[in-house]
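This report concerns only the one structure given below.
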Amino acid sequence: MPPAKMSIRDLNFYYGDFQALKNINIDIPDKKVTAFIGPSGCGKSTLLRTFNRMYDLYPGMRAEGNINLDGKNILGKDIDVNLLRAQVGMVFQKPTPFPMSIYDNVAFGVRLYEKLSKAEMDNRVEWALKKAALWLEVKDKLRASGLSLSGGQQQRLCIARGVATKPEVLLLDEPTSALDPISTGAIEELITDLKNDYTIAIVTHNMQQAARVSDYTAYMYLGDMVEMGETDQIFTNPAQKATEDYITGRYG
């Protein structure tokens, strides 16, 4: 496995008294795509949300253990959570463009963390839209509302917004589940391109998608990390019978 960008050690997570993650120990390799699969409620999305402490926004939730990003524990009390979320961007299941222009959607996060001149911001917005393979479709209507775009375009706009702050890690929580097959294909191609510059973690219910886009796959069940390995190995020769049962559809 390549060097780890994130190392998760002895991670437990609680919603109030309910333990949603149980003693998770995995490495997320740098500039690779790691997919998390498993049945609904297994903890995939919860785990993803610990990587940028999204749970801090909600009372009664807590994480214990260590999540090391480049060797620094992001669960520490001294961490600037806003800066962390600039380093670890996130794209959600349904497209979530803000009710503002395409340009302002992309610039929104940048304005929170950087002071750029108009020319610098113009360049950053163009750069991010190109990264998200959306520039050619919107370059002549940057002042139009982000809500005017199609579903697939809106999700790519959210990816552009996510990369505009120049994060090191990009989290994708079922990013194509609300999209049609053509838009899904475009996002999958984009993920393959983006891993040259970013460490990517993706949650997906679609095992075929995990097989297509990821380098490593982790199978979770009821808050436990059952198995993680290279995607080809997980899908063709898993070490755990529980993984094989899920992959082959015998689960449940």
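Cβ atoms are placed via backbone N, Cα and C, with glycine included.
Look at Swiss-Prot and you will find G38, P39, S40, G41, C42, G43, K44, S45 tagged as ATP binding site, backed by sequence analysis. Under the heading domain 'ABC transporter', Swiss-Prot lists 6-247.
Ranking the binding-site residues G38, G41, G43 by how many other Cβ atoms lie within 10 angstroms of each Cβ puts G41 at the bottom. Over all protein chains present, the Cβ of S40 (ATP binding site) has 7 other Cβ atoms lying within 10 Å. For the recorded ATP site, residues G38, P39, S40, G41, C42, G43, K44, S45 set the reference point as the centre of their Cβ atoms, and the other residues of that chain within 8 Å of it by Cβ are T46, M220, Y221. The DSSP secondary structure for K44 (ATP binding site) is helix.
Within the same chain, residues at least 6 positions away in sequence whose Cβ sits under 8 Å from that of C42 (ATP binding site) are M220, Y221, L222, G223.
Long-range neighbours of K44 (ATP binding site) (same chain, six or more residues apart, CB within less than 8 Å of its CB): F36, I37, G38, V203, M220.
DSSP assigns P39 (ATP binding site) to coil in the three-state reduction, placing it in neither a helix nor a strand.
Across the residues of the domain 'ABC transporter' (6-247), the predicted structure has a mean pLDDT of 95. The Cβ neighbour count for S45 (ATP binding site), using a 10 Å radius over every protein chain in view, is 18.
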